[in-house]
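Enquirer: From Swiss-Prot, for reference:
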type: DOMAIN; residues: 17-104; note: domain '2Fe-2S ferredoxin-type'
type: BINDING; residues: Cys56, Cys61, Cys64, Cys86; note: [2Fe-2S] cluster 1 binding site
type: BINDING; residues: Cys125, Cys128, Cys161, Cys163; note: [2Fe-2S] cluster 2 binding site
type: DOMAIN; residues: 288-474; note: domain 'FAD-binding PCMH-type'
type: BINDING; residues: 316-323, Phe397, 407-411, Asp420, Ile464, Lys483; note: FAD binding site
type: BINDING; residues: Gln833, Phe864, Arg978, Ala1147; note: Mo-molybdopterin binding site
type: BINDING; residues: Glu868, Arg946, Phe980; note: substrate binding site
type: ACT_SITE; residues: Glu1333; note: active site, proton acceptor
Amino acid sequence: MVDLQLHQSLGHHNFTNKLTFYVNGVKRTISNPDPRGTLLDFIRTHEGLTGTKLGCSEGGCGACTVVVASWDREQGEIIYSAVNSCIVPLVAVEGKHLITVEGIGSSNNPHPAQERIALFHGSQCGFCTPGIVMSLYALLRNTGGQPSKEQIAESFDGNLCRCTGYKPIIDAANTFSCGRPGGCCRDNASGKANGAGATVGNGMANGAAAVANGNGAAANGCCKGNGAANGCCKSNGSAATTANGDDKEVDMNKLFTPNGLPLKPYSAKTELIFPPALKKYELNPLFFGNEQKVWFRPVTKLQLLQIKHAYPESKIVGGASEIQIEIKMKAANYNISVYANDIEELKTHKYIPGKGLEFGANISLSKLEEVCDKLVHELDPNVSQIYGAILEQLKYFAGRQIRNAATPAGNIATASPISDLNPVLVAAEAVLTVESIENGEEQISMTDFFVGYRKTKLPAHGVITKIFVPETVPRNEVVMAYKQAKRKDDDIAIVTACLRLALDDDFRISKARLAYGGVGPFTTAAKGTAEFLTGKLLRRETAKEVLEGAIDCLIKEFDLPYSVPGGMAAYRRTLIMSFFYKFYSTVLEKIGLAGEAQDNSALENTYDPQALLEVTRKHPVGSRDLTNPYEQRIVGKSDPHLSALKQVTGEAVYIDDIPPYHGECFGVQVMSTKPRARILSVDPSPALEVEGVVGYVDVNDLPSREANIWGPTPVGKEPFFADGEVYYVGQCIGVIIATDRMIAEEAARLVKVEYEELETVITIEEAIEAQSFFDYQPKAEKGDVDGAFAESAYTFEGTSRIGSQEHFYLETQGSLVVPEPEDGEMKVYSSSQNPTETQVFVAQATGVPSSRIVARVKRLGGGFGGKESRCCHLSSIAAVAAKKYKRPVRMILSRSEDMLTAGQRHPFVMKWKVGLDKNYKFTALEAKLYANAGWSMDLTKGVIERAVLHAENCYDFPNARIQGIPCRTSVASNTAFRGFGGPQGMFMAECYIYEIADQLGIEPDTLREINYLVPGVSSTPFKQAITEDFTVPDMVKQIKKQSNYDDLRRQVEEFNSKHKWIKRGLAHVPTMFGISFGATFLNQAGALVHIYHDGSILLTHGGTEMGQGLHTKMAMVCAEELKVPLSQVFISETSTNTVPNTSASAASASSDLNGMAVKHACDQLNERLAPYRERLGENATMEQLAHAAYFDRVNLSANGFYKTPDIGFVWGDPNPKPAFFYFTQGCAVAMVEVNTLTGDWSNLRTDIVMDIGRPINQAIDYGQIEGAFVQGQGLFTIEESLWLRNGALFTRGPGAYKIPGFRDIPQEFNVGHLRDRPFKHLKTIHRSKGIGEPPLFLGSSVFFAIRDALSYARRQNLGEATMPAGLVAPMTTERIRMLAGDSLYEHKGKIEPTEGDDKPFFVNA
């Protein structure tokens, strides 16, 4: 409890509890607001502005981004700061102007940023979009609407999108770039055209001509260097080049999208004005709260010191980036918080010539970045080195939103062992000024500030007020900063360092400071190594000895055990050495001891100039092939997503945006903390005593024990509530129901559960050893496998491993259940891909027929398979609570809860054996595919079946035996994920292609070409005949020509021959994905079409909209068939009371199934309207036709239905029907660049060609291709799920789990489709093809390109002609570094387990 009586020492300061600020131009004065909430809570709950979304609660995804505008009195200007409202406290906007996405535009009058993202197809599910819009808005306001491309790129580094692949968002933003669609000429953009029929950079147009957004150097040079013939792009719109190659002046008032839609010009004059009253507003000290928590907001340093003196236990808050995470994730309780970011005295900065930089402890990191950048450009480079090091670290420090709010003092005082900034301050010998009422002002050196894990020398009453960073001396001093993470931008460090050496005029080392983070419990200086270096003379003849000695010292100082907390022991040790090796070469270069490297052994080289190089990172460019010979009146056009403008303006409604119902409660699960245990007792009584708690539900509140068992398949059963035992960390034991979310969360933690722990199995290897398998083990078999192996000229065996992948849909699982007063009826609003199963299981859990449950789905904020079955559980337990308490119940999972409980993509271990004849043609395949199913089967049956059915990819095996074996483990049930087992099976196929080609000494493409399936001849291992639908070889030819593949290979060879540490790799990968549900009965769909008097049309179908554009495509089909404009067709939602018994929106079949059902309904209506069309003429409007038909009593409503013909595969049938209606195929070429010294890498270029048939909407299909590819790239490279040894998932949020960001996409991204095909064989809706899942596997091309790059490194370093067998996906930076084969790792970096220390810290399930 907090004493609300203000401490007597503070009484004279006139504290107030009233907060005054503006929201979207409207003044707000709030008295004593709820102290528990964040700014986001206020925006959504108090203001009802639900456009700003909650995505993660830790400032890692950017969905909650808003803009805070403030008046900078010192500069006399308005600063627009994008911030994460999910972590920033409400007090942070006092005296400022808060701008949300609703404040800048509406769907009827969108802001140019909103409109361009919408019309460039930059919004799919839309949940992330408002945050992205606001990041761009802040940039436009701060740059006057003319940002550079580099500014655009860095402005998005705190935003994530899981759908689009980012490219269309970047292209939309590029239209603002200094008046030039290709970007500002100072960004070195060129006007390179991409040929007829293609637009580069998603295309911009001036009139009808598409303007290219090229790559490389500007044709006319930068206007700043007087190279541009037409003057500065900022003044007149720079010369750009059209697709026809003609220079053309770009009029920024006449911009168009690729398909000719005009764009609204940007004018700063029409922007929301900054409230004039705020320029004069005087901040007053604040004190508000309740008995649980209070906030102070001092406005002077003295007030802050006095508060800290009166309340030494108080927590000082700057950006709240660390504190809010501790509150949310660790249930930390900071009863007294002090917001210190409005104290101007703590935000000053001054450079003292000849001495250094002094800055206030609470200057924002963005401002510090700006200050250091200015010093780096203005001072002698030797003097400004330390500021360059700070700048280098800040560049990749979190995201822009965090840097706008976070402060140096917060970063220092938090004492994180992986801080990016602290090693620089330690190496710089920075001095902290610490003040307190007791001791006044004192100085503490950063060199000995940290004394333990999260412990410092900061006194209990002390406040850091200033930081002084000395400048480096003008001569013979070198400072460099380094950081390595899993993802380059917005990621926590694995190892970070700042290394500093000073030498005298004889090049004798006079001082050394080597500060490392990520290698111990706190930021540590390598004092022993510094002592070794001090006094050493650097000469050519001594340099090698000094290098070797220093590295040996570093290894001894940072002796990381195999089981070190945080894992990656060998990688971290190798990074320690790699950073020093890079630094040492920098030192030798700067003091003039540069000499050519003598050979390829790291420790043999005294000076290695190539160690200084970094991987190439450029602003993304690329092309989309926009030719479409099959475009019809509506179908085939690239219309934007129907909800795009609603999504970019925040008007689109998701589950948690539905206004609260009267009496609504919030539910939070009580989850198991053990992976496998008996429940001895559950005591909710402490929770029930909390004010605001309504009650508790568990298995005893179901109609029967039998009703507790549910599951999407007959073999995939599990309980709603744990009943006697728990099987994984996170399993639902019960649900606390309370009047609001925060109360429910607090109370759920108070429920007491006692366990008796049982034996656990976490990994596939452990399951194999324990024979822990589920009974269902599908097998596909064809031919005489054993006989074929006996006659094979070659036989190869191997094992392929691929890890799991988190869905990371931006909208977490959510449900709102509203009980009706009669007959047990309920309305269920769910973020579900599967409304029918939601209906079925809610009915089961509440004991009523399905007819009394209406499941409704407006849209999902992403699904990717993760909301196919797992959503049903959440809706059902919410329904149990709603029934018991007769009140609406809302349950929205936090990001941590969602990742802990909702399951992931299945990890696989796949053991294969392949036979070949003397001509290298495959003779036989035998494989066993082990999948980690988790604790229950869920949808594993279908996943492992599809993995088996895709284990040959597109290669011909006359004899095959492939078996799937699901492993029972003690982790959450793994579930459907885009590709549904297909990518794992095809990954195995490409692994054996590469490994066998290595062993045979031939190119993988040679092996592929020999073994492609042959139409009319071949059949798959599941005996489906290959028809003319097989197009992979044709696409391979097309993509190799399009990408200039042979020339790229020559470039790679040449580059690698000249570069030692940076290597390039090139790979080509095909894919062949079967389209149909594995369960034949699911291949059906229904639709309902109503035509009203006014000619408007209401369409409902069985599919759900999750960003894939299904509603848009279905509306286009309906409009095409009924011969009306697209604007006349409206889709409101998907609901079980309009179209019953639907299949989940999954398997890439939703357009096929629902499209045909829509067509069937429209055919009926057209037949009924035919007489009226004949009578009234072809030009009659639908309104006229509907009127005439109505008065003749003609039914203007039709129900359509469709079931996929000619399929019906049955496992074990010796002569089965086809498993798939057709295959969607494609191929990709990827070229990467890898830094083998650190593991860092970048995707230089990707080209994709897909067989998409005759697309219903080409732009939507391209969005699916790009988005799936980037998601697949994540699967095969940076996305790594890790478990602790106690069975708990460690990677439970964007801080620990990394998906690709804006700067991880290909730097040149070219997408096209199979050309010159009539597609007459297709029997699909308008001869289109399903596209949602098939492109995802193409992301593996990046994995194999990295493999290719590493093969060059190993050939150079070890003389090995082949790569090690059994490479593991994802190919993380750690795995890349460990595979390089250089002497630093091979001789010094390896860490072997010792007796009693044989288990790594993390587990890969």
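Using the three backbone atoms N, Cα and C, a Cβ is placed for every residue, glycine included.
It should be emphasised that the depicted structure is a prediction, and the values quoted were computed from it without experimental measurement.
Have a look at these and tell me how they're positioned relative to everything else.
Expert: Less than 8 angstroms from the CB of Cys64 ([2Fe-2S] cluster 1 binding site) sit Leu40, Thr52, Lys53, Leu54, Gly55, Asn84, Ser85, Cys86, Gly131, each of them six or more residues away in the same chain.
Within 10 Å of the Cβ of Cys163 ([2Fe-2S] cluster 2 binding site) there are 29 other Cβ atoms, across all protein chains. Under the three-state DSSP scheme, Cys163 ([2Fe-2S] cluster 2 binding site) falls in the coil class.
Within the same chain, residues at least 6 positions away in sequence whose Cβ sits under 8 Å from that of Gly319 (FAD binding site) are Ile87, Val88, Asn341, Ser364, Leu365, Ile402, Asn404, Ala405, Ala406, Thr407, Gly410.
Classification of Arg978 (Mo-molybdopterin binding site) by DSSP places it in coil, neither helical nor stranded. Around Arg978 (Mo-molybdopterin binding site), the same-chain residues six or more apart in sequence whose CB sits under 8 Å from its CB are Phe864, Gly865, Ala1268, Gln1271, Gly1332, Glu1333, Leu1336, listed in sequence order.
DSSP classifies Arg946 (substrate binding site) as helix under the three-state reduction.
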Enquirer: Just to verify: the residue among Phe864, Phe980 with the fewest other Cβ atoms within 10 Å, which of the binding-site residues is it?
Expert: Phe980
Enquirer: If H, G and I count as helix, E and B as strand, and all else as coil, what does DSSP give for Ile316 (FAD binding site)?
Expert: strand
Enquirer: Looking only at Glu868, Arg946, Phe980, the residues listed as binding substrate, what is the longest Cα to Cα distance in Å?
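Expert: Spelled out: the longest distance between any two Cα atoms in Glu868, Arg946, Phe980 is 16 Å.
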Enquirer: Could you state the CA-to-CA distance between Cys61 ([2Fe-2S] cluster 1 binding site) and Cys161 ([2Fe-2S] cluster 2 binding site) to the nearest Å?
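Expert: With the alpha carbons as reference points, the distance is 8 Å.
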Enquirer: Taking Cα atoms as reference points, which of the binding-site residues Ile316, Ile464, Gln833 is nearest to Cys161 ([2Fe-2S] cluster 2 binding site)?
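Expert: Nearest by Cα distance to Cys161 ([2Fe-2S] cluster 2 binding site): Gln833.
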Enquirer: For Phe980 (substrate binding site), find which of the binding-site residues Cys128, Ile316, Ala1147 come within 10 Å, Cα to Cα.
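Expert: Of everything listed, what lies within 10 Å of Phe980 (substrate binding site) (Cα to Cα) is Ala1147.
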Enquirer: Please give the greatest C-alpha separation between any two of the Mo-molybdopterin-binding residues Gln833, Phe864, Arg978, Ala1147, in angstrom, as a whole number.
Expert: 12
Enquirer: According to DSSP, which kind of secondary structure is Cys86 ([2Fe-2S] cluster 1 binding site) found in, if we only use helix, strand and coil?
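Expert: The three-state answer is coil.
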Enquirer: Here's one to test understanding: among the binding-site residues Cys125, Cys128, Cys163, Arg946, Ala1147, whose C-alpha is closest in space to the C-alpha of Ile464 (FAD binding site)?
Expert: Cys128
Enquirer: Averaged over the domain 'FAD-binding PCMH-type' (288-474), what pLDDT does the predicted model reach?
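Expert: Within the domain 'FAD-binding PCMH-type' (288-474), the model's average pLDDT equals 95.
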Enquirer: Under DSSP, the domain '2Fe-2S ferredoxin-type' (17-104) has how many residues in helix, strand and coil?
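Expert: The composition, in the requested order, is 16 helix, 33 strand, 39 coil.
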